[in-house]
Amino acid sequence: MSDRSDPTHAIWQKVLAALTADDRITPQLHGFISLVEPKGVMTGTLYLEVPNDLTRGMLEQRIRVPLLNAIGSLDEAAGVSNFAIVVNPEIAQDAFAQHPEPAAEQPYIETPTITAPTDNPGLPASPSRGDSRLNPKYGFDTFVIGGSNRFAHAAAVAVAEAPAKAYNPLFIYGDSGLGKTHLLHAIGHYAISLYPGIRVRYVSSEEFTNDFINSIANNRSSLFQSRYRDNDILLIDDIQFLQGKDSTQEAFFHTFNTLHDHNKQVVITSDLPPKHLTGFEDRMRSRFEWGLITDVQAPDLETRIAILRKKAQSEKLQVPDDILEYMATKVTSNIRELEGTLIRVTAFASLNKTPVDLALVQTVLKDLITLDEDNVIAPVDIINHTAAYFKLTVDDLYGSSRSQAVATARQIAMYLCRELTNLSLPKIGQLFGNRDHTTVMYANKKITELMKERRSIYNQVTELTSRIKQNHRYGKM
């Protein structure tokens, strides 16, 4: 924090006053400006520190002209004609080591206060790394950065480093399978590593809806409210699923307002930008636009190759670079299918005790190449085909039977729903008798592992995939 007795502080306050009066500076840009720390003047240059590259980029691009105009409005005695930006990540951490300044001294946005969990037997335990529902596999260290997601990644890092300081809410949108959920979990993990005791909760919109319905049915509204409002960071996935659910939207509206009013960070993902979420009231859509909106797009070839290479390294798979490149040219739709293809290829090689070469990859890929984007497989078709293949009924797959035959068939159906559709884990769980999303995660992981170990499982999954896609192409069961 700058010293108010330093002449630089007085200069910066005059610059801030000019920027406040500038119509070009939107509330979103004010958020970026609030992260700036003036550090001194040397040979006519005002040196400014910011916590991350994203903020530096915004100052040097979108805010550059208004900032130069503000500097130009200073009297000659200030001795300032230009500015320079220095990135100092310690600024973000310092923000939490001090008390928020009075409103008069902090003109744009108040620094959030991270509080330790309190012992209150009437409330649910505050989220920590253990109960924040974060997936340990999804961190920034496992996220592959490319041109399609670079800005979204930078924004996510900035939010984790300085929650509620500038981009609140952070709204990330894009098609399924492009890394939005990964970024949500990574924000949570990174924030917890920076600020021990910070309260983080991840939730899908389906889980939020179910919790809300259960709280009404069980007359436990206060517990529902504390579960989602007593957080420093709330990460909510696939907000589009709240469209048309008026009561749940109302609950989220009040949750959002409570968190935002108390300078707590909200991060939201969606498959559409706010203006296209027509199933929400205008007041909710406008709140989505209060902070920073960014998108993730389908990865380019170089990024797809890098994703495959990182996945191969994490799974300790030996795959030549030319094979990774070939797979990356053939699978272009999303990251989930790209990684699933790699698992299929290496599982086939392991079962047949053969090296991963071009001929093998071509054999495996012939039944895996994605259908046209408009030719979407319905989950009910997957379930029907799986039931017929294993000579079971659909009710068997939906039901509670734990016999090995039924359980394996159910897990394969869940795996295929995850691989061949864009449904989220909670949505797949709902299809199978309202099972929890963790059950779907377990099924996906188990079938992935069994495919490497048992030829029978690999053959069953491969044959079912082929049948489902052929049926979809030619319309016959």
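Indices start at 1 and increase along the chain as displayed.
Backbone N, Cα and C atoms are what each Cβ position is placed from, and that goes for glycine too.
Feature annotations, reproduced from Swiss-Prot:
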- 1-87: region 'Domain I, interacts with DnaA modulators' (REGION)
- 87-132: region 'Domain II' (REGION)
- 112-131: region 'Disordered' (REGION)
- 133-349: region 'Domain III, AAA+ region' (REGION)
- Gly177, Gly179, Lys180, Thr181: ATP binding site (BINDING)
- 350-477: region 'Domain IV, binds dsDNA' (REGION)
Cβ-centroid neighbourhood (8 Å) of the ATP site, Gly177, Gly179, Lys180, Thr181 excluded: Gly174, Ser176, Leu178, His182, Leu183, Thr269, Val296, Ile335, Arg336
Gly177, Gly179 as binding-site residues, winner by CB count within 10 A: Gly179
Thr181 (ATP binding site): secondary structure state under DSSP, collapsed to three categories: helix
Segment-level pLDDT (mean, integer) for the region 'Domain II' (87-132): 46
For Thr181 (ATP binding site), nearby residues of its own chain (Cβ under 8 Å, 6 or more apart in sequence): Tyr138, Asp237, Thr269
Other CB atoms within 10 A, centred on Lys180 (ATP binding site): 24
